[in-house]
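Per TrEMBL, the features are as follows:
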type	residues	note
BINDING	A:Ser28, A:Gly29, A:Gly30, A:Met31, A:Asp32, A:Ser33	ATP binding site
DOMAIN	A:366-439	domain 'Lysidine-tRNA(Ile) synthetase C-terminal'
2 protein chains.
Amino acid sequence: MLPVNRFTQFIAQNNLFSADNKILAAVSGGMDSVVMAHLLKVAGFNFSIAHCNFQLRGDEAVGDQAFCNDLALQLRVPFHTINFDTVKYVSDNKVSTQMAARELRYQWFEQLRQQHDYSVIALAHHQNDAIETILLNLTRGTGIAGMHGILPKNGLLVRPLLFLTREEIQQIITDNRLAFVEDSSNASAKYARNKIRLEVIPKLKELNPNLESTFNHNLEHFRGLELLLQQKVAELKHELFIQHDEEIHIPLAKIKMLEPKRLLLFNLLQEYGFNETSIDDLISSLDKHSGRIFESAGFNLLLDRERLIISPNKTALIKPVQFTENTHEVDFGSYKLTLLHDDSPLIVKNNPMAASVDADLLQYPLTLRTWQQGDYFYPIGMRTRKKLSDFFIDQKVPLHEKNNIPLLVNANDELIWIGGYRPDDRYKVSKNTKKVTIFELIKK
Amino acid sequence: MLPVNRFTQFIAQNNLFSADNKILAAVSGGMDSVVMAHLLKVAGFNFSIAHCNFQLRGDEAVGDQAFCNDLALQLRVPFHTINFDTVKYVSDNKVSTQMAARELRYQWFEQLRQQHDYSVIALAHHQNDAIETILLNLTRGTGIAGMHGILPKNGLLVRPLLFLTREEIQQIITDNRLAFVEDSSNASAKYARNKIRLEVIPKLKELNPNLESTFNHNLEHFRGLELLLQQKVAELKHELFIQHDEEIHIPLAKIKMLEPKRLLLFNLLQEYGFNETSIDDLISSLDKHSGRIFESAGFNLLLDRERLIISPNKTALIKPVQFTENTHEVDFGSYKLTLLHDDSPLIVKNNPMAASVDADLLQYPLTLRTWQQGDYFYPIGMRTRKKLSDFFIDQKVPLHEKNNIPLLVNANDELIWIGGYRPDDRYKVSKNTKKVTIFELIKK
C-alpha cells in the first residue's frame, strides 16, 4: 500500500499544491522519484513527468530515459525529456559537472513550467536528504541560510516526499514491487554526501534511533527562525531605508542600535553585493571612520557622518559596445559574445547562454549594454511586455548582478535578448524564418 | 607563549568582563581550565579559583583538589574548594550523577558569587566543546534553543576560552610546559560526547579541515537568530498580552496572524508550562473549538470566542499544611519535608534541598505553602529584603514551577526558607545559636 493519506496530508499542511494545480514531477527513475510519481498518480493529482539525460553515462542513461518514458505511459501522464550536452556546458561556462547539471536541469524545468503552465515543480527529496543537507551545510559553513534547498516549498519548487525516510521509501518500493533504476546522479558529486550518509549518520543514529524525526523537528525550528529573520529584514528595510533618487540613505544612529548587528547588517546589505568581510569592516568603522567608502561589484557604501549612503558604483558600470554584422566576437565585462550566421532556421534549445534570432529582423549596428531604468521586453512565449526591472525581481537577480547582465539591443532600441536569461519573443525563430544569427555568451 | 592578545580581544568583543570585575574561575585541573587560569593571570585579571570535589573518585579526586590548591598558590589567587556528597544527592533527589554534579556545582558557584561579590563565573569551554554540543543537541533534538550552554556569555556564566580549539589548548600546554591533571568528569556521562568527538567529528573534518572556524561561524549565526527570536517574543508579549487581574488575555485574531505560528506560540506560552504537544493541539483548535481548555501544571488556557485566556490553575494549587515541633514528616505536593532537631549549631552546607535554622527563632505551628503575591524575604547573606516575585525572576524560575515551590513559613508569617532555593538570613545559624532544626526536602 502507498501512504497516500500521509502524502496528501503533508501536501495540504505545507500548502504545496492543490487538486486543481498542474504539477511537473522531476523523475530520474530512481526509487525516490518513482515513489513520488506513483503517489501523485494514486492521490489523483494532475501531473507530468520530466526526465533529463545529461549524456554523461552513455547507454545506461538512454535506458533510464526509456524507463521513465515507460513509467509515464504506464501512469498515463505526459512525458517531457531532453538530452543535454553537459560536457560542452561545463567547458563553455567553466563550472563543475555537478553545477552544470544543476543549472541545465532547473533552467529546463522552469522553461517547461512557463510553456505548459505548470504551477509547481515537484522534487523527490526525502527526510534523509534533508538531514544530510543540514549536516553538509553545517560542515561547509553555508549555515542554515543554505537550507532553502530542503524546504518543503521554496518558490515554485516543492518537495512532497519530505515526510518519508529513505527506509520507508525502500519499504514502499518492496511492498508494492515498484520498478526503478539505480540512482543516476554522478558519483563524484556524491563523495561528501556519501561520507555523511554512510559514516556520520549511522553514528548519530546510535545516539538517537529516531534521528529522522528529531531532525525534522530541528528543520522546522530552523525554518521558523529563518522566516523571522526575513520578516525582520523586510521590516528594517521599510523602516530605515530612505530613497533619494538613485541613492539609499540609512540613519547611522539606527544602524548602531541594530542587534544582532552583524547578522542584520549582512542581510540588509548583501543584495547590494557586500559580503561578510565588508560588513565586519563596516561595523568596526562605525564609530571612527566617517567618510570611508566600501565598494562592491555594483555599489558604493559611503559612511557619512550621520548616514550610510548606498549608491550605484558608476565607475564599475560596463560601457556599452556597438558592433556590426561582420563582427565575430565582442568583449563585454566578464563575457565574450560570439556571432554565427546560418542560412537555415536553426533553433538553440535549452541553453540560456545562447540565443538564435531571426536574422532578417536584426538592424545593425547592434549594441551590448547593461540595463537602464524603463527597459522592457517580451519574454519568449509571452504576448505581453514586461518591465525588465520586474523580470529581474521574478528571477531573483541580486541588485549588484543586474549591472553585469549583457542586453542585446537592436538599432531600433528594442531588446533582443536578456543575455543568460531570456530571448525576446519578437525576435524568435518562427516558421517564416529563413536565416538565423546565433549569439552565444561565454564567461571569460 | 600564551595567546594573551587573542584572549583579551575575545573578552572585549564579547563583553564578557572588564579589568575592574572580580571573576570566579571554575577549575577542574584539566588542560582547559589550567590554560584559562594562566591566561587570566597573565592578562592581569582579578580572579579566584573554585574547585569541586564530587567525592566520586576517592584519592584521585583528592589529588586533583591539592593540585588546584597549588595552582592557586602559584598564581597567588584566592582558592575555594568544597567536598560534595554527590552519591547522597543522587539518591535523595533521584537524579543522575551527571545532573547531581551539575546542580551541586552551579549552586555552589552562585553561592560563592553572592558571598564574595564576584561579577561573573568563568568556565573553560573551548571551540570543540561547542561543536560537540551543537551536534549533540541536533542529534537529541534540543535544537538551537539548547545551545545557551555554549554561548560566550549566558547570564553570569562566561566562557572566555571559546576562541581556542582543543588542539590549540594542547599546544599551549606543551609549549608552556603547564602542569595539569587528567580530566576529572565521569566517564559514563561522556559516552555520547565521546562518540561525537572521536567518531563523528573526524569524518566531518575530512570534508572541511577548518571545521572549528566554520562551526564558530555557524554558532554566531545561530546565536543571532536566537536573539532575534527572544526580541520578537518580548515584543509580542508587550503587544498582545493584556493583564486582567490574575488573567492574561490575548486577542485570538492576533494569534491567528502569527507566523511562524508554532515557534512563536510555543515561545510565548512555554513559561506557563505548556509544551509543544499542547501548542499543536491549540493551533489545530484555533478555527473550530472555542470553549476548549488546555491545562498545564500551574495554568489553564481557555480558548474563548475572541480571546485566549491564561489563568492560574487553582485546582492544581497545593494546599498549605501546618505542623508542630513534634512532626517528623510533612507531605507537600511532590515533596516530603523532614524535621531533625539537634542540640548543636550544625550548619548544612551546599545543599539547597536542606536548611539548618536557629531553633529558638521558630514559632510553631509552622506552615508549608506556595508563594503568594506580596511575599518577601531576606536572602541569606543579604541585609535587604527582596520580593519573592523578583527573586523568582532572578532565578529564572518558570511561572508554572513557582506554584510547586514549598515555602517554610513561621507562625509570625515570616518566610524561613524558600525550599530548594535559599534560606532567610534572619533564621540562619549564627554564633549565638544553641540548637538547630534541620529541614530537608525530598522529591517523592
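Glycine too: its Cβ is placed from the backbone N, Cα and C atoms.
Heads up, TrEMBL stuff is auto-annotated, nobody curated it.
Not measured: the values here are computed from a predicted model.
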Which of A:Gly29, A:Gly30, all binding-site residues, has a Cβ with the fewest other Cβ atoms inside 10 Å: A:Gly30
Integer mean pLDDT for the domain 'Lysidine-tRNA(Ile) synthetase C-terminal' (A:366-439): 88
Secondary structure of A:Asp32 (ATP binding site) (DSSP, helix/strand/coil): helix
Winner by Cβ contact number (other Cβ atoms within 10 Å) across the binding-site residues A:Ser28, A:Ser33: A:Ser33
A:Met31 (ATP binding site), number of other Cβ atoms within 10 Å: 20
Counts of helix, strand and coil residues, the domain 'Lysidine-tRNA(Ile) synthetase C-terminal' (A:366-439), according to DSSP: 14 helix, 23 strand, 37 coil
Local Cβ density at A:Asp32 (ATP binding site) - other Cβ atoms counted within 10 Å: 24
